[in-house]
Structure formats: C-alpha cells, structure tokens
Amino acid sequence: QLQSKILILTICSAGIGGTFQYSYNISIINAPTSYIQMFMNETWLERTGVPLESNMILLLWSFTVSAYPLGGLTGAVVAGPMAIMLGRKMSLLLNNVFVIIAAVLSGFSRMAKSFEMIMLSRFFTGVNAGVSMNIQPMYLAESAPKKLRGVVTLTSASFTALGLVLGQIVGLRELLGGEESWPFLLASNVVPALIQLTALPWFPESPRYLLIDRGDEESCISALQKLRGNSDLSAELEEMLAEQAAVKGQRAKNPWELFQTPALRWQLMSIIVLSSAMQLCGNDSMYFYAAYVFQEAGIPQDKIPYVVIGTGSCELITSVTCNMIIDYAGRRPLLLGGYIFMAGWAIVFMVALSQQTQISWMPYLSMACIFAYILSFGIGPAGVTGVLPTEVFDQMSRPAAYMICGSLLWFNLFLVGTAFPFIVKSLAHFCYVPFLVVCICTALYVGFFLPETKGKSFLEISEEFKKRNFKAQTHAVFYKGPEEIKSTML
C-alpha cells in the first residue's frame, strides 16, 4: 500500500511542475489579452509620446504569443542532453528555474513599464514546458511497473488537461483575469514550480536510468524498492539487465543518428506521424472557434468564459477515462478510434458552420461538435501519443526520440497558430478540411502500420519493430514497386 502511494505521489510531483505547466501557460494568456495590449500602447505612448497603430499592437502581441512555442522548441532541443547528463529527476527539478525567472519578469513587468519583459517571460515559460513535455513521460514510464506503464505515463496527458482547466478558471475576471491583477495571473505559474521543488526531491530517480545509463545497480535496486516495496524484483531486474546487455558498449544517440539507423526506421516514422498529427489535427483550433460558436448559440457574452471551461473539462474527463482503460483497450484502438471520430465530427462541424445562419438549431449542433471533437481527441491521441516514444525506443535512443517529438510538437503548434487565421479567411466554413485530411491519414497509418505495445517489455517491442524494419529491407530487394507505392502513401 505504501509503495503504491509512493508511485502516486511521484506521479503528482512530476506532473504538477511538468506537463501541467505546458497547458496552464497556454491557457492563462487568453484572459488578459486586451489588458496587455492596452498596457503595450500606454507604455509606448509614455516612452515616445505617440500611440501605437492597431496593426503594430497586433504585431507586438503576435511576437508575445509566438515567444512561447519558440521557447518550447528550445526546451525540446535541450531536454535530450539534460536527461542524459543530469538524469530524469534532476532535469525536472532544474527546469523550474526557467519558470521562476519567467514569473519574476511578468510579475514586475507593469511596475517596470516594460512589455518586453512579458515577451521574455513567455520565452522562458516555453523553455520550461518544452523540457517537461519531453522528460516527464520518460521519467514516469521508466519508473512504472510493466503492467501499469500505460496508465502511469498517460497521467502526463491528465495533468495537461488539468492545467488547461485550472488556467481557464484562474483567468476568470473574478479571480486573476481582471485589469488590475493580470501581472499576478502571468506570475501564478511559480506556484506549481515551488510545489515540485518541495516534493520531487523526496522521490527516487528513474531505476532504468540508474542501471542502464549510469551502470549503478545498487542505486537502481534501492529506487525499485522504494517504488515497489517488498514485492519480488527479480523478474523486473532481469529484464532491465537484459536491456542493459543489449545496449552494452553503446552511447546515447543523437537525433540525426536515429535517421541514419535502419533498425529504427518504423519507430521513427511512427512517432513523426503521430507527433505531427497531435498538433495538426485541429483540436487546439476548436478552442479558437468555441467563443464564436457559443455566441451564435445565444449564450450571453459575459457567460462565455464559463462555458469555455466546460470544453477544457471535457478534455480532462476523457484523459482520466483514457487513463483507466489504456492497459485494457491497448494503444492502437484508442488512437484509431480517436482519429476516426475526429474525422467524422470535423465533417459534421463544417456542415453545421455552413448552415449556421439558415437553420435555427445549427449553432447547437456546432456546439455539440466542439465538445465531441475535444472528447474524441482526449480519449486517444492526447495521451497515447506521449506514451509511444517511451515504448518503441530503447534506453539509448529514447532521449533523442523525445527531442524529435518535442521539436515537431512545438513547430507544428507554431505553424497551426500562424496559419489557422489565414485558413479560416480563405476556406471560411470549410476551414476544417486540412484537419480532416490529417485525421484520415493518421487513422490509416495507425490501422496499417502501428503494432500494439500493450503489456510487452521494451525488449519485446524492439524485437517486433526489428522484424518489421528488416522485413521491409529484404522485400525492397525483390519488390521495388510496392515499396515505392508504400512510401508515397506515407
């Protein structure tokens, strides 16, 4: 009982300063948008005596918003070397320094009359999120027992959803979303950082990292005993020693080495497809549309922020549900079902948007589509995507794989954020066509090419992919045609 409590507390300590921060910081910037823009204008007026033009305010605001994914990309790139050199736990602890710097900058920005401090603070916040999005799932998956690996790693998605909802709640006018309190809202991300700094040092480092990377069997057994208690550790230790023997003499790989290794071809293809799809499937853009659709449905303007909290709560409910069923249902069915449902709801949503003004009940259908789309995303893609890189790569390739995943996630977040307003402008009601295509292609890829990893050891998963990688090579000698067709499909 004590050991299961230690595992739960390890999950909570890693999550609160980890993926929780990623979505919390995306969420809290929405409420004070107009106040920060006014602050930029007033500051400029004080400095130069001339007010800013509206397009200049918009440009400065877009710099502020895009500083976050830029920081995230930087964080994703440094996360790999950090995880290898400092270890998983120490990296998560040191990562809080970035948030503390960011909180000081944004908290004092109004006092210092500097909007540049807000931009810089968003960059540092992004770095923190970029590091934690990569290292937290790695740390949890390496600390979890095999039969609970999916559940434990998936808590990263639950903390992401929790951060989103709490960010929406704290950003309400009655709390910290008012004109006077927005610097405190932006600096409130220091609270989860301080909680993690206080709690996480009490829990063990990843046993796999201690044994395979550090070669420290004694510390590994000690960490396992803390996490598992008096249960028999011999089978788990034997499996780790087998993995250690399999990678003996190897050093941790760089991202570009993964691209050059034929034995990792399908693993790499899978995480590239799934990490890209996670941002390109249009889930975040649903939040962009939410306020407009709710307004059309007749919800009063001042009540809309409360309804938007409902959309975030949807994601939280489904990620917790997904947590309960992932080790029963498996990874493939959840991913496949999620993307198929999203494709279906995207079609209904576009039809509903196009008929919004003609048919009186259409805004309610649009509203239902927003909730259904977010539920479909939460039940599979939101969580399972983060679990896979841990399962399909060995210890030496895992940090580099997460660097690639993280870089794609942040680049695509930036890409969608930049391109979506233009997509809406040019495609109007049919703006979800690109997202529909992404959902269908990803569902096809998962259906045809992704093996199930549920309940298998890391070595068994590696063996399954090895067969696939080298089968593709031997077939390539004889069947040039189908190999080409296959590659154009992807």
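Including glycine, each Cβ sits where the backbone N, Cα and C put it.
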Task = Tell me which range among 269-292, 365-388 TrEMBL lists as transmembrane segment.
result = 365-388
Ask   = Is the transmembrane segment (118-139) close to the transmembrane segment (334-353), in the sense of at least 3 CB pairs under 8 angstroms with a sequence gap of 6 or more?
value = no
Query = For the transmembrane segment (92-112), what are the same-chain contacts with Cβ under 8 Å, counting residues 6+ beyond its ends?
reply = 14, 17-18, 21, 39, 75, 82, 86, 118, 120-125, 127-128, 131-132, 135-136, 139, 183-184, 186-190, 192-194, 196-197, 200-201
Task = Check the domain 'Major facilitator superfamily (MFS) profile' (11-454) for me and report the mean pLDDT.
result = 88
Query = Does the transmembrane segment (118-139) reach the transmembrane segment (430-450), going by 3 or more CB pairs under 8 Å (6 or more apart in sequence)?
reply = no
